[in-house]
Amino acid sequence: MTETQIWALVFVALTFSVYIYIAWRSRVRETRGFFVAEQNVPAIANGAAVAADWMSAASFISMAGLIAFLGSDGSVYLMGWTGGYVLLALLLAPYLRKWGKFTVPEFVGDRFSETVRSVAAVVAIIVSFTYVVGQMAGGGIVFSRFLEIPQAGGVAIAAAVIFTYAVFGGMKGITWTQVAQYTVMIVAYLIPAWAVAHTITGIPVPQVSFGRILEELNALQAEFGLDQYTQAFTARPQLDVFLVTMALMIGTAGLPHVIIRFYTTKSVRGSRWSALWALVFIALLYTTAPAVGAFTKFNLLQGVQGQPVDALPQWVQNWQATGLVSVSESADTITSITNKATVFADGGADLLVNNDILVLASPEIAGLPAPIVGLVAAGGLAAAMSTAAGLLLVISSSVSHDLYFRYVDHHASEARRLGVSRIAMGLAVLVAIYFGINPPAFVAQVVAFAFGLAASTFFPLLVLGVFWKRTNAAGAVSGMLAGLAFTGSYMIHTLEVFGTSAHEYVFGISPEGIGTLGAVVNLVVTIVVSLATRPPSHEVQEMVEQIRYPAEREEVGAN
Amino acid sequence: MSDDVMTPEGGPPPGGGEANGWRKEYWRKNLRLMVVLLIVWFAVSFGCGILFVEQLNQVVIGGFPLGFWFAQQGAIYTFIVLILVYAVRMDRLDREYGVHERNHDGGLT
């Protein structure tokens, strides 16, 4: 065992025991604990849990690497994955919390109809599954590199730990482990970032100091024949940057596992403040990520530039074993670099570096000591596991609460409901393990699917449901299906999935950006169909009215 | 405080007319606040970060081309401020209309 492996093992074992201890402390006996953590989570803790729930393997492992290769256009992820919280805080969180039940489809059921609820439950399951696959695969990468456990074994170990706290503690267990996981994740992200920033610029505040290397980085990129790092719209056309950013924002605000986290606060007011805390905690990582991207790219290019193949830095060799870094056999010295496997296979570059490894490898690339490298491994796992657990809860609650008890067993007792929810959770974990071992595509690409679908289905549905009383069931269901069909078919048209072949983008719009247009389609269809059919009942309109006010009006001061 | 701008605009006399007149007023103020914040949200992220990024990039501060800085840093800081303003002002609005929750949570305390 190398020194790095020992440290990785120490940190991973330590953090895993903390998670299991928390799970033991927060096991639940009621469905209210299982689904919404007894609605008793303080705003700041809930904010940390949202942040951990939200920041996935994609944020922690892939994002800075993506930014490093995208340059300026990496901003689609930075703005897209934070701007959604403004929408969430202003448009959804307080109202859904006021209404206060267990799941997102349940709100849809009360607001519209049971049919819409079932459609929403199925969509929630599909969205969450596409997303959970990425988490499992991300966890597997960490295990295979740092502990040299085969990916399958790594996925199984991570899943077993998630199983323990998710099945016994439900949302309560998940919430408090997420608070711990946020802490692990952010420490693991910031320490190497501070160290790298300090080493290169002498200022340990990466957010400020990466400005100092941008000019040099631009020059270095030019020597490798790459576009200027700070030049906008080199990776995507402007229209696509706009659409992708919007799709990620409204997708964020429409993701069931994010929304459901706002059901667990103590009050409506708590949900607003917890959105603020969530974004503060997320921003700590998200403002650091572009700095990590720039610094790592800088180090990477400097480290390999013009080097003979047999004199490359040690990290290249370490990561070659995972297949995520490859050196071209025909190359003598490194003069070009790519992150695209297809380009590399055609002999278009001397060195292939996968996006997903840049954060994990950045301490090694910068030559930081072994304990820090080990800490990053624990952080990557915390990111993957916390998000996976939140998603599995959505899957379990949709299956049990929204589908099973509606159609199969109406009169289930409390104990039975809890039992069924636990079984659903267990099965979801098993399916997730399977897909984690056989992942369909890149971690970040898989996640992009989930956003497009959430953007084009849930977001318009929920916003209209809260803000426009006239929205009715017929409108909601046709809007949701239209958005889903539009977005889904464009994705299948442009991507190689389920054995279909990829076609050209229409107007340069990428599959990640199509969710924005899908949302517009949904919105228009919902409004048109709602207006053409009967308005919702008086009771429903009164319910929509009621969720606007956090509490009953106090008589003091009135009249 | 600029809060005064948002208080009653000579609405219906209290107690008279509709008993629920306050509801409309509360909701209108909520919507107005929301729209103002969303305009800022759009202007900073989509405006400075995407639509006018190239023009802003002509200006360089601390090594950062300005458009690039908005897209990768500034927009995120702005989002935080927007939610902060919303949470503070809604707390105030809720109290003003007596619809605040008596079981307290959150806030900076």
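Every residue, even glycine, has its Cβ placed from backbone N, Cα and C.
Curation does not apply to TrEMBL; its annotations are automatic.
The transmembrane segment annotation in TrEMBL covers A:6-24, A:44-70, A:76-97, A:118-143, A:149-168, A:180-200, A:241-263, A:275-295, A:418-437, A:443-467, A:474-493, A:513-533 (among others).
A contact links the transmembrane segment (A:6-24) to the transmembrane segment (A:149-168), because at least 3 Cβ pairs that are 6 or more residues apart lie under 8 A.
In this chain, the transmembrane segment (A:513-533) does not touch the transmembrane segment (A:76-97); fewer than three CB pairs sit within less than 8 A of each other, excluding pairs fewer than 6 residues apart.
At the 8 Å Cβ cutoff, the transmembrane segment (A:474-493) and the transmembrane segment (A:118-143) share at least 3 close pairs (sequence separation 6 or more) and count as touching. Sequence-distant contacts of the transmembrane segment (A:275-295), counting only residues of its own chain at least 6 positions beyond either end whose CB sits under 8 Å from a CB of the stretch, comprise 43-44, 46-48, 50-51, 54-55, 59-60, 63-68, 74-75, 78, 81-82, 85-86, 88-89, 93, 182, 185-186, 189-190, 192-193, 196-197, 200, 206-207, 209-210, 213-214, 217, 229, 261-262, 358-359, 362, 366. Under the criterion of 3 or more C-beta pairs below 8 Å, with sequence separation of 6 or more, the transmembrane segment (A:180-200) and the transmembrane segment (A:418-437) do not qualify as touching, having fewer than 3 such pairs. Among residues of the same chain six or more beyond the transmembrane segment (A:118-143), those with a C-beta under 8 A of the stretch's C-beta atoms are 56-58, 60-62, 103-105, 108-109, 149, 151-155, 157-159, 255-257, 322, 324, 356-357, 360, 377, 380-381, 383-385, 387-388, 391-392, 394-395, 398-399, 402-403, 406, 428, 431-433, 435-437, 439-440, 443-444, 446-447, 449-450, 453-454, 457-458, 461, 477, 480-481, 484. Comparing A:44-70, A:149-168, A:418-437, A:513-533 for CB pairs under 8 angstroms to the transmembrane segment (A:241-263), the maximum falls on A:513-533.
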